[in-house]
Structures are given as structure tokens and as C-alpha cells.
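Copied over from TrEMBL:
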- 233-260: coiled coil (COILED)
- 582-618: compositional bias 'Basic and acidic residues' (COMPBIAS)
- 577-636: region 'Disordered' (REGION)
- 6-22: transmembrane segment (TRANSMEM)
- 34-52: transmembrane segment (TRANSMEM)
- 116-135: transmembrane segment (TRANSMEM)
- 155-174: transmembrane segment (TRANSMEM)
- 186-210: transmembrane segment (TRANSMEM)
- 378-396: transmembrane segment (TRANSMEM)
- 425-446: transmembrane segment (TRANSMEM)
- 523-542: transmembrane segment (TRANSMEM)
Amino acid sequence: MSGAALGIEIVVVFFLALFLLHRYGDFRKQQRMVLFGTLLAWYLCFLIVFILPLDVSTTIYKQCKIDHEEHVSVATVVPLPANHTSANTSSATALKPCYKPWSYIPDGIMPVFWRVVYWTSQCLTWLLLPFMQSYARSGGFSITGKIKTALIENAIYYGTYLLIFGSLLIYVAVHPDWHLSWYELQTIGITAANTWGLFLLVLLLGYGLVEIPRSYWNASRHGHLLVKTYFKASKLMTEKADAEENLEDVMEEVRKVSESIKYNHPLRKCIDTILRKCPLDYQEKMGRNMDDYEDFDDKQNSYPSEKSLVKLHKQVIYAVQRHNRTRVQWQILLHQAIHLEDVAKNETSSTHQFVHSFPPICLHPDSEWYWQCLLKCWFYRLLSVLLTLFSVAVVWSECTFFSTRPVLSLFAVFIQLAEQDYNYLYIEMACFITIFFLCTCVYSTVFRIRVFNYYYLASHHQTDAYSLQFSGMLFCRLTPPLCLNFLGLIHMDSAISHQQKEQTAYTSIMGSMRVLSFIANGFYIYYPMLIVLLCIATYFSLGTRCLNLLGFQQFLGDSEMTSDLIDEGKELIRREKRKRQRVEDGENRRREWKERYGNQREDVSARNRGIHELKETSYSDTVNSSSNRRESDDRC
């Protein structure tokens, strides 16, 4: 099994990243470069999370071998006293044997693996993905034009980093007491990147530790969930109307430009590229007139420049993407609202059978009623309680992980208890569950946050290229400090715990934090304590209330604006439900009409067809007989 676990997890993680990309991205419409860059970023980050427990178990095994070697060397060097019996000798020198873990990774593999994964992810997040973001959002009509636009937009971004890095190099070079080697400079760069990531990590983690358990608890309250869905419906309808209006304005501008630039104009190919990005119904309205050729050189018409067409192309891509996203989200939200209304109606049902407003393909009515109206809410409540306990353990450990004597971090206690018995399977499962929970709190926040309309991860293939790549950048910047923070929680990072223990291969590539002692002994230890304040602020919804005061409508139970939006959303759902009911009734009537009168029509048409065939047959027989009679007369 040596190395087999590593290979299996590499394959499994790849399909996990591919599944998530398929859920949020669109393989048919989005550029291959965007999909590949996002897939690679997500894959590398998930790979770090899944492989790190194997690194921990392998390091514990190596530490066990080192302890045995030191114990044997001490026992052979130090002479035993004369009154020391053999029984005492065996009990004093006996150590538990070191069993090789089933997922043991041979020496030399993990350092190379971590080095490739880490530096590839850093190149993606700091160099390639920002460039690819600008390339994907560019409205250029050629590869050269898109590359030029991307370079111009990223000139300030790259120039700022080069200026800071150059200033630090000059400062180090002229400082008389500092003689840093390449290894130490590399460590400083890694520490700076991890410090920036830890700053953002604590903010996202403090929100997720409270919001994830609360979201499952609220999901068990069907009434609360239905009211919140009405609120979302009202806001989404406003956004949907705004997207439709924006699309209409952009399409009107495209129509004017298309009419002004005829088919013998050099810029007509740019117009054709823009038209191909428009919805099909608008393309049909602006259909092409292939006979419309004009000599544009002899007329004093004002034609748009290529730069303005690039801007228009960018506006078309954004407007169409936003319109499609809001349309799909509205259908999904409408389905959720109708389902929640059905659950609310069926909760008081005495027959214990789940009745849908619009019959879907679903479970048996009895089993569905017990799951939707009885078991599901209790399952979510139990899950919420377990996640709350886990969140409390994380907050406590984040505030006490620097204490090694006594050990106050709960996760360090669990790992050390398992380490005494060398229960590697328990160690790996405990590490995986812990780091998976931390990643869920952080990554789910990345998937939930929305920065106006510039960054928004929408499921059902509705995420644009810019948001996909921005999420890849965030993952690559958050995952390394998250893993270091996890190693600190279980006291496997010697730079924080100050213990002389075998380092993990992951920690070894990060370099020694003692180069920047004020960060290792200060920021990395005390800044995570800020999670307590962030969790309190999230619990009392302080951020939501601040956004509501600034004019961004948020769901607050004690707000008059929230009540108005809930009533508006309820009316919108009722209206859409009646519309869907009319469509359903029309289809049922057509189906009944076809079943009732369709067979009769077929019988009548078959009977008429048979009579017609009989007439043709009798007519042909008559014609043949008359012709035979004439031939016989001619012979006579």
C-alpha cells in the first residue's frame, strides 16, 4: 500500500474539483483557458487539504522511529546500576513498537510533491489568474487585442508588487547587519503571502463558524425558510427586471451600430462577432440584409471606432450573462418557494401523504411526507448542534493552541492521545475531519459572498469567467495559511509550538519562520484570537445590520422594509404559481382532448382511407376488365 493512498486521493480530488467546476461553470460556452485555470487552482487547493493528513501520519511514524533510535542509543551508552534487575531493565527500556501506517509515503516523495503543488498554486494566484481574468473580460476581437488589454490592466497590479519587492531587496542589501541568503529571501516571500492569506482567512472563518450551524438550524424551520424565500424572490425580481432593462438598452445600441456599419465596411466583422454573442431572438430581430451594400467612403457618416466596439462587445457579454443568470435563478427560486409552500400545507395533513401542487417525479407520498415534514427538520437540528460543538472547539483551540504545557488545544489533545497508541487511521480521520470542517467554513463563505455584480458564484452553470478565476485566486491564497493554522492547532508546527519534533514535509517547504520572529511569535499566535470577536459579530448579525443601514436591503426580522419585501415576494410567487397552473391546466385539457377524440379521428381517417383504397381498387378492376373486353373484340 506504499504510495497507493496518495495516488487514489490524487484521482478522487481531481473528479471532485471537476464536479464543482461543472456545477458552477459552463463547459460548452466558456473559454477553455478559463476552465483549465480554474480547475487547476481548485484541484491544487483541494489536493493540499486531502493529502495533508497523510503527511501528518507519516511524520508521526518518523518521529516514532527517531524516538526508538534515541532510546536504544541512550540505553547502550548509560551504564545500569548494580541493583537494577532484568525486570526493571525491560520495563524501563521497553517502548511500543512502531507500526508503519497503511498510507505511508516513502521518503523523498512528499517534499517534491508539496514544492510542485505550492509553487504552482502561487504562480497561478499571483501571476497567471489575474492576467487570465483581464483576458477573459476583455472585449477585444483578436487574441492580440485581448493580450494587450490584459497587460495594460495588470501593469499597475504587477508594478506594485515589483516596487515593493525591489524596495525590500534594496533595504536588505544596504543594511549592514542583514546578510540574507536566497533561502531566507524565499522564506520571507512565503511568510508575506501566508500573512496576507491569514488576515483574510480569519475574517472568513469567523463568519463561517457561526453561519454554517445557523443555516442548518434555520433550514429546519420551514416557516422561517419560506419567509426568507419570499424576501429573496422580491430582491431577485428587481435584479431580473434591471438585467432585462440593461439588456434591452445594450441591444438597442447594437442595433444602431449594426445599421450604421454596412457589410462592405472593414469593421463589419467586429459587428458580426458582437451579434453572435446576442440572444437568438434579438439576432432574428436584427436579421441580416445581405443586399444592403453602400459605398461608405463617399458619405459623411460618423462610424464608431474599433475602441468603442470593443467596449460595446464587453457590455454585450456582461449583459447577456447577467440576464441568463437571473432568469435561471428565478426559476430555481420559484421552484423552491412552491416546494416550501407545499411542505407548509402538508405538515397538517392527517393522511400523512405528501401532495404536490405540480406533480413531479419523486418518492412515494408516504415516505416523502415523513422525510419532508418530520425527519428532515430533526436531522438538520441534530446536524446544527454537532456543527456548533465543532465550532466551539475550533474557537477554543484557536485561542489556546500556543500553549504546549499544559496542552489546551482540543485537537492537539485528540492527536496526541492517538499518537500514544500509533492509531494512524484515527489520526488521519481526525485530521481530515478537522481540516475539512475548517475548509468548509472558509470555502463556503467564498461561495456565498457577493461583491455587487463583479464577483458572484452562481450554481447551475451561471458563474461568469471573472468570478470563477477570482475564486481560484482566493482558494490559492487561503489554503496554505489554513493548512499552517491547522498544523498549529495540533502542535505539528515547531515555529509556533517551539517543540523539537520531526517537521512535516509541508512545513519544511515553508521555511523557518524564525527569520521573521515578530510574525511567528506575534501575528501568527495572537491574530487568530480575533475569531472570538468575529463570531460574536456574526451571531448578532452586525454586518448585516450595517449593510442595511447603508441602503443594501438585508433580511432582518424587525425591519419594516423587510416586511414589505416579504409581502411583495409572496405576491410574486402567487402570480407565477397561477401562471404555471394555467399552463398546466391547458396541457391537461389538450391531453384529455387527444385521449378522448384522438382515437375517434384516427378510426374515421382509417375508415376513409380504406374506402378510398376500395374505390381505387374497384375502379382499376373496371378499367382492366373493359380493356380486356376491347382486346377480345379486336381479335374477333
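Here the Cβ of each residue, glycine as well, is placed from N, Cα and C on the backbone.
For the transmembrane segment (34-52), the neighbouring stretch richest in Cβ pairs under 8 Å, chosen from 116-135, 186-210, 523-542, is 116-135.
Along the coiled coil (233-260), the predicted structure has mean pLDDT 91. Proximity of the transmembrane segment (186-210) to the transmembrane segment (523-542) is established through 3 or more Cβ-Cβ distances under 8 Å for residue pairs spaced 6 or more apart. Residues 35, 38-39, 42-43, 46-47, 50-51, 54, 103, 105, 109, 113, 461, 468 of the same chain sit 6 or more residues outside the transmembrane segment (6-22) yet have a Cβ under 8 Å from a Cβ within it.
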